[in-house]
Amino acid sequence: MSARLLLGEPVAEKVRQRIGDLVTQLATEHVTPKLAVIVATDNQATNWYVSSIARAATKLAVACEVLDLGEATAETLAETIKTLNADEQIHGIILQTPLPQGIDASSLVKLIDPAKDIDGANPVSLGQLSVGQEAFAPATARSVIEILEHYRIPLAGKHVAVIGRSTVVGKPLAQLLLQLDATVTICHSRTVNLAEHTSRAEVCVVAAGQPHLLTANEVAAHSVVIDVGTHVTESGGLTGDVQADSVQPLVSALSPVPGGVGTVTTALLLLHTVQAAVNFLERSRRGECQMSVGR
Ligand code: NAD
């Protein structure tokens, strides 16, 4: 037996279609959804990632402004976030990491208006998620859910093991899974006997940042494995947190790296931006905020 591959591309395409429909609706109201990405480092990987978001946005008629602030200070970054919060033409804000040395990202993401926090970086967004209120989840965590739902992997009542407890992936993902009635075990770097937990799970999501951490020894036969990890190999390719060669013959389905979770993330960032624009329009109709004419 070989696992079914849970490819990200058909999922991303479905997300892009949802974006297209919403962009068309917004155009009838003269609203162009707009994302602002704040960049404060000259890092090759970051530059590549940010230009890929900008390219994807252009294709989908979502405006995207990249604010390249160079080696900015914490004060400049804070002021920029506040200006973007107040700018009614901006619907989504991303503060791209890494930041210059010595700047604490956690004190800055707190400043992003939760209504524009389309990558779920503000702790308020995570808090809202954890009490079941509407909020933007980090796009990577939501990509995992979109893949599982697209391929009709049942979650209600199922035992899901999440390896990783970061605020970007593991914790918000656990909250999303709970909302879908899964029984969730969160494993982390201090978990004793990882295999004891993962080998009992019907679905295992690996977001540990450790290349090939999950092998055939740690998974249950016929389970579903989602690989969130991304690591650049010596040959310049990409690999994940799952040892795919050994796991694939044993499990029923596996999301590959590359071609899995990462493929969906950018599309979801843009969907969140468009949803933020729709929310803004609805709030302005209810008189909760003002919208200038002809935007
Ligand atoms: P992180 O370093 O912030 O967190 C890693 C987590 O894994 C921690 O909670 C840690 O306790 C746990 N962990 C580490 N070693 C472990 C071990 N041996 N056993 C069990 N748990 C262990 O990383 P992150 O930001 O959450 O990212 C995780 C992975 O996902 C990375 O490979 C990253 O590149 C990837 N990622 C991919 C995307 C995407 O869109 N595809 C986006 C974000 C992150």
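Using the three backbone atoms N, Cα and C, a Cβ is placed for every residue, glycine included.
TrEMBL does not curate its annotations; it predicts them automatically.
Now, the feature entries from TrEMBL:
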DOMAIN    7-119  domain 'Tetrahydrofolate dehydrogenase/cyclohydrolase catalytic'
DOMAIN    138-278  domain 'Tetrahydrofolate dehydrogenase/cyclohydrolase NAD(P)-binding'
BINDING   Gly164, Arg165, Ser166, Thr230  NADP(+) binding site
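When the Cα positions of Gly164, Arg165, Ser166, Thr230 are compared pair by pair, the longest gap among these NADP(+)-binding residues is 16 Å.
Sequence-distant contacts of Gly164 (NADP(+) binding site), defined by Cβ-Cβ distance under 8 angstroms and a gap of at least six in the same chain, are Gly170, Cys187, His188, Val205, Val206, Ala207, Ala208, Gly209, Val228.
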